[in-house]
């Protein structure tokens, strides 16, 4: 019994829920699908497709029916509940099941024509967006346009055998669905560009730096260089914002933020590496912001409410705070958004409070602390670095400019990410940049760098003091702060981090603003980390993290991700000192920005037709500049943290590359690889071939590659992983996947043809591109040539003749036991399927659910399997045959590779076995050379060959000169040859002339007596050569012999096959090689 898939396709009048029922075969005992053991019909317009998986022991003709599902609720997009109903009339689809794997119906139903916009009935459809949706589209129903085959063949739809070629892309695009779950904007919370992006980005960018360190930055750098610091930071974020805008408007954007943008642009390797560290950076950022909040709270309460000590108090306050934030996040995005609005209002009031405070006349107390209403502006223009420099000050400020991805990180919760992310992000960068500049300049214009805080340090009236130097502005306003040059003062923009509180109109509002800034940033990071992490896990790039992909609730909230983020945040809060980890986190964010910029540049550079961003205000070179600038800033902030970031990213990149996740997102990396390959191929085309650069490029006729492993493994050894290896068979996708899985670097090709020779002839002529063309035809020896039809023999020898005509090198492999192990693989597959089903039955019988009980009861009626078990002897024979045919996959023991280089064919007969000796599998094998020599000059011939091999720099263990080729073969061996060709002889010599002529006309394919007489010497040579091979190379690991050539039109097909057969009969694995008689070896440098 095997499972088969029946695809039911029918025409319906309107969209809705549909289901299918199976009427035949009667032996169908099990039906798999979902939900309720039925498969839901995708909601296509015009066409409905349902896959039913059935278990049956017959070779059946399926009969099924598509009908409307009365249980479907059209009021929502949830999957319908299927109910058992009576079988009714509907559109019928029939198909034939095959014996292996999953199969689908042979033909779909007839698609009826409709009256088109052109005024007549036609199957063609006008362009419609529904034709371009993915199978999992949530923004509309996917429609299936008429296929080219349907239009060309009178409306009859032929469904491709997807189980055979493994390609289901016509029906679905796995891994690239628009979303994981159906979405309904009426039910789920979706944010616009203001609430979803602008507010979040502004809150994340407006951090504690605005109220705590901004005055210190401008005190160190002066407002001249301070402006440069802010502008440079904005340049980095603006270029990143422009690049991000271009990427996110080049197609539908779903959840995952920066990870989604990078992975869909540069591929899973870059996306997987940066996604993991970006999610981790956001999780640790929660701890950073919460610790900042806890320190502020501690400073307010340290005189009244110390619990233990400073470190433990910060830990306690931080843990309580993160628990409250987690509660808000888990409550849902709607509550989190409301909390952000409240925090934004507080923050805006605090910022306005600063501007208002600068115009309120300063009190004597504020003056003593260095605050003068807009009277010190020019004094603070020049820098006054104290134990700092420009780059260190920039490194301290730059983290304040980060946070531009806060809106993009919740891209899955936005109504229109393509419009919201560019608009909200760029506007947030502009507003926050202006705010930072405005606040900083106001403070620089009103507060001196140093002040004593002593109200008695005034200059008495009438004192004639010349005001100059660093304290001139205070002196001109009647204050003497010159003592700060001797002893360090506690006030002024260089000494007091609470300058904003002093400057503001109402100090407690600044404290509230600080709380708002830290908590809003922490809340944004607490939401971003799980969202990005969930998107990463849903793509299954790291299989061990699949557990965190599951979402909960109407908004698909990543509850498991929230818990993990909470654990990471608490762990780092318990450190209570994040000065070491903070630079690494900043570099993690910068690495994300760098890759976003590089993604935009890379996609633009590839010039792929699919790169069509709706946002046009970007430039590929500006994006590249932004990427380089981000990398430079990473080293400016902290060089060792930058190195750690690069090391982690490279490690994750290599890990994902090695694991090769099964995803295909059409990345720009693929596009650039294609462009590079075409350019390199064109470059090669303009260069003449040179003998020193000759590489074996094999066209291997294997059928399905797994059916002839010895042939494929030997070709793999010849090409040394760098040659072209092309095979001939029909199931391209499935066989290419098999080759990739077995790490065989080969291209798989298929052609449509009437017979084997036509297909091989087509491949011989058109395979390859430019210089990247096969130069060797490799195939197995046709062992059954005496029992098959003449057409098959003629086709086989015809391929050899075609290879000679097209000047291909030709390689034939013969193994006494044969090369084809398809029957063994098939038997093994059936046995594995039976074992798998037994295991499934055991697991199902353990279940207690109603669904599994019903399945269990149905097992009682299973029909016994048709295939009888193999005998022990048959299993032993198959195992031995499989072992022999996979011997080239294993390391060869000590032995010899005997090369019988009888004819100079350009050196291919010598080069290929030499290549084998350079492979690890054959490194213990020594090469022996056998050549033909004339009697009486054996030593001379040996020395000449030895000299030639030295010039070729090819080492061999022994050189043997054979000088008795011209002897006649033994009578026994000659009798074997005669018996071999007897069924194919014409024997016209014993007939009259008239009868002989008639026989020749009727049996042109048979071997005539005249032909045997003409080629008697060549025939004797093949039989004699087999005797010599038996005598000298019987114990060799591998034998390589020059292939005899049959003159076209003179030697019959059966005689040529007899030559090849008798030559290689009863020998170890033997390779017949004939080069194209163009040199592949040279001794010139």
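Here the Cβ of each residue, glycine as well, is placed from N, Cα and C on the backbone.
Bear in mind that TrEMBL entries carry predicted annotations, made automatically and left uncurated.
What TrEMBL records for 111-164 is domain 'Amino acid permease N-terminal'. According to TrEMBL, the domain 'Amino acid permease/ SLC12A' annotation covers 196-699. Per TrEMBL, transmembrane segment is recorded for 197-218, 224-253, 274-294, 314-334, 341-362, 390-412, 424-448, 506-527, 562-582, 618-641. The annotation domain 'SLC12A transporter C-terminal' is assigned in TrEMBL to 708-1085.
Against the transmembrane segment (618-641), the recorded stretches 274-294, 314-334, 341-362, 390-412, 506-527 differ in Cβ pairs under 8 Å, and the greatest number is found for 390-412. In terms of C-beta pairs under 8 Å, the stretch of 197-218, 274-294, 341-362, 390-412, 506-527 lying closest in packing to the transmembrane segment (224-253) is 390-412. Same-chain residues lying 6 or more positions outside the transmembrane segment (274-294) and placing a CB less than 8 Å from one of its CB atoms are 207-208, 256, 258-259, 262-263, 313-315, 317-318, 321-322, 325, 409, 514-515, 518-519, 521-522, 525-526, 528-530, 532-533, 535-536, 541-542, 564-565, 568-573, 575-576, 578, 581-582, 585, 588-589, 591-592, 595, 645, 648-649, 652. When Cβ-Cβ distances below 8 Å are used as the criterion, the transmembrane segment (390-412) is approached by residues 179, 191, 196-198, 200-201, 203-205, 207, 209-210, 213-214, 217, 220-221, 225, 229-230, 232-234, 236-237, 240-241, 244, 248, 253-258, 260-261, 282, 333, 383, 420-421, 424-425, 428-429, 432, 436, 521, 524, 527-528, 531-532, 535, 556, 582-583, 586, 589-590, 592-593, 633, 636-638 of the same chain, each at least six residues removed from its ends. Most Cβ pairs under 8 A with the transmembrane segment (506-527) among the ranges 314-334, 341-362, 424-448 are made by 341-362. Same-chain residues lying 6 or more positions outside the transmembrane segment (314-334) and placing a CB less than 8 Å from one of its CB atoms are 189, 191, 286-287, 290-291, 293-295, 297-298, 307-308, 410, 413, 519, 522-523, 526-527, 530, 553, 555, 557, 559, 562, 566, 569-570, 573-574, 576.
Same-chain neighbours of the transmembrane segment (341-362): 195, 199, 202-203, 206, 210-211, 371-374, 435, 438-439, 442-443, 445-446, 500, 503-506, 509-510, 512-517, 519-520, 523, counting only residues six or more beyond its ends whose CB sits under 8 Å from a CB of the stretch. Tertiary neighbourhood of the transmembrane segment (424-448): same-chain residues 193-194, 196-198, 200-202, 205-206, 210, 214-215, 217-219, 222-223, 226-227, 230-231, 234, 237-238, 241-242, 244-245, 351, 354-355, 358, 370-377, 379-380, 400-401, 404-405, 407-408, 471, 473-474, 481, 492-493, 499-500, 502-503, selected by CB-CB distance under 8 Å and a gap of 6+ residues from either end.
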